[in-house]
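Trainee: Pasting a structure here, questions to come.
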Amino acid sequence: MDPKLGRMAASLLAVLLLLEGGMFSSHSLPPALLEKVFQYIDLHQDEFVQTLKEWVAIKSDSVQPMPRFRQELFRMMAVAADTLQHLGARVTSVDMGSQQLPDGQSLPIPPVILAELGNDPTKGTVCFYGHLDVQPADQGDGWLTDPYVLTEVDGKLYGRGATDNKGPVLAWINAVSAFRALEQDLPVNIKFIIEGMEEAGSVALEELVEKEKNRFFSGVDYIVISDNLWISQRKPAITYGTRGNSYFTVEVKCRDQDFHSGTFGGILHEPMADLVALLGSLVDSSGHILVPGIYDEVAPLTEEEINTYKAIHLDLEEYRNSSRVEKFLFDTKEEILMHLWRYPSLSIHGIEGAFDEPGAKTVIPGQVIGKFSIRLVPHMNVSVVEKQVTQHLEDVFSKRNSSNKMVVSMTLGLHPWIANINDTQYLAAKRAIRTVFGTEPDMIRDGSTIPIAKMFQEIVHKSVVLIPLGAVDDGEHSQNEKINRWNYIEGTKLFAAFFLEMAQLH
């Protein structure tokens with residue numbers, strides 16, 4: 001279908017659904033206003049793509065601690081603050097101080113933007129969180145185009161940050177701008193919290209949220225995040241849970257120097273042999289974690305939850321092919337989704353101190369550090385998992401009777417997050433998706449960790465919803481990251497419809 005016809009059809013469907021009450025909804029949004037907003041978004045989509053191009057061009061890499069990238073981050077935050085001010089928002093750029101790095105250098109942390117549009121006490125207040133920093137990208141790493149030049153190919157907009165997270169942030173801003181341009185009151189009060197250090201762990205953000213919980217966040221009713229992906233290429237989704245993460249290192253040390261295997265091989269407890277045995281004791285070939293007690297606190301599976309997985313559209317063959325994997329550990333859609341979302345997983349990530357270059361170096365490493373992590377699910381507790389893992393590795397190591405020293409450390413501990421899908425904004429998001437896309441959304445969880453969702457829920461005590469815009473094949477963090485033009489523009493309409501739905505339900 002011609003893209004323009006597709007957009008016209010989507011707008012027409014939305015209006016028909018609203019005029020007729022439709023099989024999806026017993027309420028009705030103002031159809032004339034909705035049609036005008038959707039038409040405005042369609043007519044101005046090239047401008048929206050151009051703005052995204054300008055934002056992608058800013059190399060706002062927060063992962064590489066280099067002054068030139070920090071300068072770009074500050075420039076990105078200034079551009080965003082200026083954009084919001086032009087919409088009429090009251091904008092505060094909060095100084096976040098500096099970041100001390102392990103090598104002794106200090107780098108300034110980009111400001112966090114707090115912005116407000118509207119303060120009508122009769123309206124609900126929705127706060128949108130987004131981030132404008134990106135992962136590193138270099139065309140020599142396998143990008144087909146310059147990662148910092150947004151390039152459109154067959155309706156796909158390629159560029160670093162296109163889907164994670166500059167595109168979704170702009171979609172929310174574009175939705176606000178549509179109401180402003182049409183001289184329509186915003187249906188809800190809107191607040192923004194936008195940071196520039198998410199990819200580097202949201203440095204100092206938690207302290208700011210804690211400080212602002214009785215000020216900036218005091219009037220907030222709902223929090224929306226759009227920083228993940230659908231589970232399919234064409235069917236929209238709402239995310240109501242994410243896994244947590246406990247990241248471990250296990251160090252085995254004989255001495256500071258490496259050994260020659262011809263001189264010492266056969267008379268040592270070799271650190272690498274100890275480490276391989278330790279890592280091999282953590283998980284079996286079916287993916288089952290072997291740490292005693294690790295599954296004890298996992299939430300029991302209910303019939304209602306099983307039905308949720310059955311309702312989700314997932315083409316296993318397409319999913320396997322797009323993943324370029326010959327075979328998964330499980331054969332059914334339900335088993336795969338459950339092991340991605342509601343069961344813990346253990347992944348071994350690497351070994352520091354081992355010889356990993358090309359060639360044949362006959363060295364015995366004197367000290368090695370293994371790295372692995374466990375994705376946590378409700379109701380697992382970070383501190384309990386730390387004790388279980390440490391005890392297990394100490395037991396395995398003691399049985400080897402090794403003279404080496406072993407140290408286990410948990411370097412990161414993030415709890416899982418899950419929300420109540422019956423909250424008002426989940427209902428509003430479902431209705432907005434029906435209006436824009438003409439379908440029920442997939443209700444999904446995310447196997448990765450989005451710490452900000454749990455943080456908002458625990459500190460601000462407000463309902464949090466994740467409304468992703470990107471398709472499953474967008475490649476966030478990867479080479480050739482993209483967002484489809486269709487997702488970007490229809491996502492802008494989705495946020496506009498969401499504002500109206502929130503106004504009706506609040």
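Each Cβ is built from the backbone N, Cα and C atoms, and glycine gets one as well.
Unlike curated records, TrEMBL annotations are generated automatically.
What you see is a predicted model, and the numbers here were worked out from it, not measured in a lab.
Okay, these came from TrEMBL:
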- 1-28: signal peptide (SIGNAL)
- His131, Asp164, Asp227: Mn(2+) 2 binding site (BINDING)
- Asp133: active site (ACT_SITE)
- Asp164, Glu199, His477: Mn(2+) 1 binding site (BINDING)
- Glu198: active site, proton acceptor (ACT_SITE)
- 241-398: domain 'Peptidase M20 dimerisation' (DOMAIN)
- His260: site 'Important for catalytic activity' (SITE)
Trainee: Go through His131, His260, our recorded positions, and report the one whose Cβ sees the most other Cβ atoms within 10 Å.
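Mentor: Result for the most crowded candidate: His131.
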Trainee: Determine which residues of the same chain, besides Asp164, Glu199, His477, have their CB within 8 A of the center of the CB atoms at the recorded Mn(2+) 1 site, and list them by sequence.
Mentor: Val134, Gln135, Gly161, Asn165, Glu198, Glu476, Glu481
Trainee: Check each residue in the chain of His477 (Mn(2+) 1 binding site) that is at least six apart in sequence and keep those whose C-beta is under 8 Å from its C-beta; list them in sequence order.
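Mentor: Expected: Gln135, Asp164.
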Trainee: Which entry in the list of recorded positions, Asp133, Asp164, Glu199, has its Cβ near the fewest other Cβ atoms, using 10 Å as the limit?
Mentor: Glu199
Trainee: Write out the long-range same-chain contacts of Asp227 (Mn(2+) 2 binding site), meaning residues 6 or more apart in sequence whose Cβ is under 8 Å from its Cβ.
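Mentor: Asp227 (Mn(2+) 2 binding site) has long-range Cβ partners Tyr129, Gly130, His131, Asp164, Asn165, Pro168, Glu198, Ile450, Ile452, Leu466, Pro468.
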Trainee: In Å, rounded, how far does the Cα of Glu199 (Mn(2+) 1 binding site) sit from the Cα of Asp133 (active site)?
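Mentor: A Cα-Cα distance of 7 Å.
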Trainee: For the domain 'Peptidase M20 dimerisation' (241-398), report the average pLDDT of the model, please.
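Mentor: PLDDT averaged over the stretch: 95.
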Trainee: So if I draw a 10 Å sphere around the Cβ of Glu198 (active site, proton acceptor), how many other Cβ atoms end up inside it?
Mentor: 23
